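To start, the structure under review is shown below, and the notes come after it.
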C-alpha cells in the first residue's frame, strides 16, 4: 500500500497543504487531454476570445475530411462490447450522429466580439477590448509555424498522414503525445486554416495488445467478456467527438487515424496547461478567478449532461486553459493567512476575460466518461479525493457524481488544498463516504458565506439534495463579481487597484513559467493524494472482476503510471516528503528534501487516457 506521510500543525490532519507556495512562473506548458508535459514554446492553437456564455468562439470539432472516422465508427456499431450494461453502449443511432456532425463555421463569431454581460462595467469592457486587440496583434507570430523543423525523427511519423510531428510533449504508459502541425501539402483547407498546431496522442497497438493479454491470463477460467483494446479506443473517440461538437468549454476533437501499428487521436492544443499547475503556482484562487474557472467547467458539464454523458473524473488536472496577458496589481489583496513574501500576485481580474493569466478554460480527458442517458450506471471510477460518496460505497449513481467533482474542484481552488485527504486510503474513502470535510481555519476565515454555501450544496452527501447543474449555474454567488464596484462605490477606486502592462509582442509569452514547480514535492503529493488512491481502488476492483466498460483501458494505464515504473512501496515512501499545513513554501520544502538526499521526487503520474 502506498502511503503519504503528513505532519500537521495545530490543524486537523484532514487536508494536504498546498498553501503558501513560492511562485516562480513557468514556461509554456502544453497539455492535451491529460498528460505529463515537457516545456514547449508558446504557440497559438486557436483564436483567443473573451469568455462569455453567448459570445464565445465555437471551436470546430470535426475536420472536413471525415473519412478516417467513417469506417471506424460504422464498425463500432457492431463491435460495442456485449458485456456492458445497456447504459454502457453507444447505440447505432448515436454513432451515426457522431459521424455526421458538421464542422462549425468559425466565422459566425467575429474576432473582436465583446461581452454583453450586464455585470461588466464600461471600464471592464474597455480593458477587455484592449486585451482582445493585443491577442489579435500577437496572432501573427504563428504565421510561419508550418516551417518549424522537428526536433528529431519520430518513428510515429512514418504512418501518420497529413500532420508533421514537431516535438514530444508528454508520455503515458501506452501512449506518447506530440505537438504537431498540419502538413504543407494537406488537402484539408479547414484544418490548415483553423489550427496552427494540434496535439496528437499516439497509442501503439502492440502495447495495448500486451496489456489486454495479461488481463486475459488473470481472468482465465472466468467468464470474461472484456472488450478489446480497439473497441475501447473507438468508444473514447466516439464520445469525445460527440461531446466536443458545439461546446467551446470542451477540448475539441479534430481527427482520428488508425494504421497498422498506431492509433492517432488528434485534438486541440491548449498552451496554458492544467489548472492544477496554476493552483500550485498561485497557492489558491480569488473568488472571482474561482468563479471564472468553475463556471466554464459547469457549462462543459451542462453540455455533456444534455447529451446523456457523465464525465466521472472531474479534477484540476483535467481542466486546461488558454493563457491571457497578466496585469499586475498595484496592491495585491492578501488574506491574513498569506505570507506576503511568497504569495504570488494573481493580478487584475476582468469579468468575461479572466485573471492570473487564465483565460478560456476547457474540460479534457474522456477516458472514463460514459453515456448513461436516463439510466443509472454502476462502474466505480474516478479519482479518490474527488469521487462522490455513492461511488465509493459502490451504489447506483448518475449525473450528480459530476456535481460532487465540481464541488471538490471549487473547494480546492478557493483554499489551495482538497476537501478530503488522509495518508491512509481506507480512511480517505471512509471520509468521502461520510462526507466528512470542514472549512478549515484560518484558510477559510476570509472566504465569503456565498462561496461556502455553493461548496456545501455541491458536496451534499445525499445525491437527491445535491445541486444539479442548472441549480449551480443559478447560484447567486456564481453570478456576481467582487471586482465590480458595489452600489454607491466609485469605479475609480476599483480602477486604481491595478496597473496594466503593455509588453512588446515578443514579451507576450506571459509568465516565463518554470515547469519544475509542477514536479516539486508538494505538487507531486497533491496529485498522488488522489491518483494513487484511485489506482489502488481500481486494482481491488480488478481482482474482483468488477471493472469494465468504457473506462477499462484508461484505468489500466493510470494504474501503471501511478506506480512510476513499479517502484516498491519502500522506495516510494523514501521519496515522499511530509505534508504540512504551515507557512513553508513548496520550494523551501523541496530544498529540504534535496539537502536530506532522499532521492528524486516521484514523477507525476500521467493523466492521459488511452
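The backbone N, Cα and C atoms fix where each Cβ goes, glycine too.
Per Swiss-Prot, the feature active site, proton acceptor maps to 313; the stated evidence is sequence analysis. In three-state terms derived from DSSP, residue 313 (active site, proton acceptor) belongs to neither a helical nor a strand segment and is classed as coil. Cβ contacts within 10 Å of residue 313 (active site, proton acceptor), excluding its own Cβ and spanning all protein chains shown: 28.
The ATP binding site annotation in Swiss-Prot covers 169, 170, 171, 172, 173, 174, 175, 176, 177, 201. DSSP classifies residue 169 (ATP binding site) as strand under the three-state reduction.
Residues annotated as compositional bias 'Polar residues' in Swiss-Prot: 31-55.
Feature annotation from Swiss-Prot assigns domain 'Protein kinase' to 163-478; the stated evidence is sequence analysis.
Taken from Swiss-Prot, the feature phosphoserine covers 46 (among others).
Per Swiss-Prot, phosphoserine is recorded for 50 (among others), and the stated evidence type is a large-scale study or a structure entry.
Secondary structure from DSSP puts residue 187 (phosphoserine) in coil. Feature annotation from Swiss-Prot assigns phosphoserine to 187 (among others); the stated evidence is a large-scale study or a structure entry.
Marked as phosphothreonine by Swiss-Prot: 350. Counted within 10 Å of its Cβ, the other Cβ atoms near residue 350 (phosphothreonine) come to 27, all protein chains included.
Residues or ranges marked as phosphoserine by Swiss-Prot: 520 (among others).
Here Swiss-Prot flags 1-55 (among others) as region 'Disordered'.
The region 'Disordered' annotation in Swiss-Prot covers 99-127 (among others).
Here Swiss-Prot flags 493-506 as region 'Calmodulin-binding'.
Marked as region 'Disordered' by Swiss-Prot: 541-564 (among others).
The most densely surrounded of the recorded positions 175, 187 is 175 (count of other Cβ atoms within 10 A of its Cβ). Ranked by how many other Cβ atoms sit within 10 Å of their Cβ, the binding-site residues 169, 171, 177 place 171 at the bottom. Averaged across the region 'Calmodulin-binding' (493-506), pLDDT for the predicted model comes to 40. Of the candidate recorded positions, 187, 313, 350, the one lying closest to residue 171 (ATP binding site) when CA atoms are compared is 313.
Checked against residue 187 (phosphoserine), the recorded positions 169, 177, 313 differ in C-alpha distance, with 177 being the nearest. The two recorded residues, residue 177 (ATP binding site) and residue 313 (active site, proton acceptor), show a Cα separation of 20 Å.
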